[in-house]
Amino acid sequence: MRRADCSPTRSEMAPLAAILLALASLAAAAPSLSVRQAITSLSSAQISTFTPYSFYAAAGYCSPASTLAWNCGTNCVGANPNFHPIASGGDGDDVQFWFVGVDETLGTVIVSHQGTDPTQILSLVTDSDFFLGTLDPTLFPGVSSSVEVHSGFRDEQAKTATDVLTAVQTALSQFGIKKVTITGHSLGGAIALIDSVYLPLHITGVTFQTIVYGLPRVGNQAFANLASVGNTVTHINNKEDPVPILPGSFSASRMSLSDLIFQSGMFLGFHHPTGEIHIEDSGAWDACPGQDNESDLCSTGDVPTIFSGDTSDHDGPYNGVEMEC
Ligand SMILES: *[C@@H]1O[C@H](CO)[C@@H](O)[C@H](O)[C@H]1NC(C)=O
């Protein structure tokens, strides 16, 4: 059947119809009562338990030679004196720095990945050359092909995956401990989150936890669900850092139509796992239930668009810790 040249086909109509449908359902779902009460603030003792891991994430920015010698200064030996390095790598250019070792005080193997500066991470998460793609079945045996991640983050994680795995196995067997903590900031947080799915596929009989900072959205709903299993992930977002709201999800309810169209990444359907902690302007650390919680106490609600973000919040401070070597 012929159609007039200017009239849209059914498939051309679909994106606009999807926007309108999404807006209508968001309007219908808008809560009439404040959800503030159910979001809980951490005690100062609870906040302090994260500090050693914040320093390990910051040390991810230090050169491999200095993390292997553990002589990289106040964010390394000054902050975590009982660390035994096992391996390190990366060149800080094509391959992000990483290191693996053991913290005997905390009783855990530490895996840390270097991040990147706000400009670079923003260009990674808004660059349309990247797409949601499946994971390499050799690295991720048995993971459903419905699980998709940002192709740029996927490729960065793949560059160091097997070296990190070998180092973690060495650390576990040398020290006889049963816990692995994966950490990182920014791009390093994204790599760490993919590691949190990768490492348990190859190592059994140990407990994993993942503590990351300034985490962008890494994958689709199936990936976010997989990364949420067991609630082992904590992702800590500082104030108006825009990185955690990028790339977009389908349901940022506070966006205007023009924001929706501008941030077309949302149609790709990126989602966060559970485990967000949002640092408020007051300095309070609030635990946000669910995935992409839209309360204004959480990143998705507090930073409705990239324009309302403040990139200077990306590096911290996270309870006093700046993400730098
Ligand atoms: C956000 O947190 C509130 C308060 O606990 C909760 O009622 C709501 O279900 C959460 N939203 C999501 C999307 O999980």
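Backbone N, Cα and C define each Cβ position, glycine as well.
Feature list (source: TrEMBL):
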{"type": "DOMAIN", "residues": "111-248", "note": "domain 'Fungal lipase-type'"}
{"type": "SIGNAL", "residues": "1-29", "note": "signal peptide"}
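Across the domain 'Fungal lipase-type' (111-248), DSSP classifies residues as 64 helix, 30 strand, 44 coil.
Here the domain 'Fungal lipase-type' (111-248) has a mean pLDDT of 95 out of 100.
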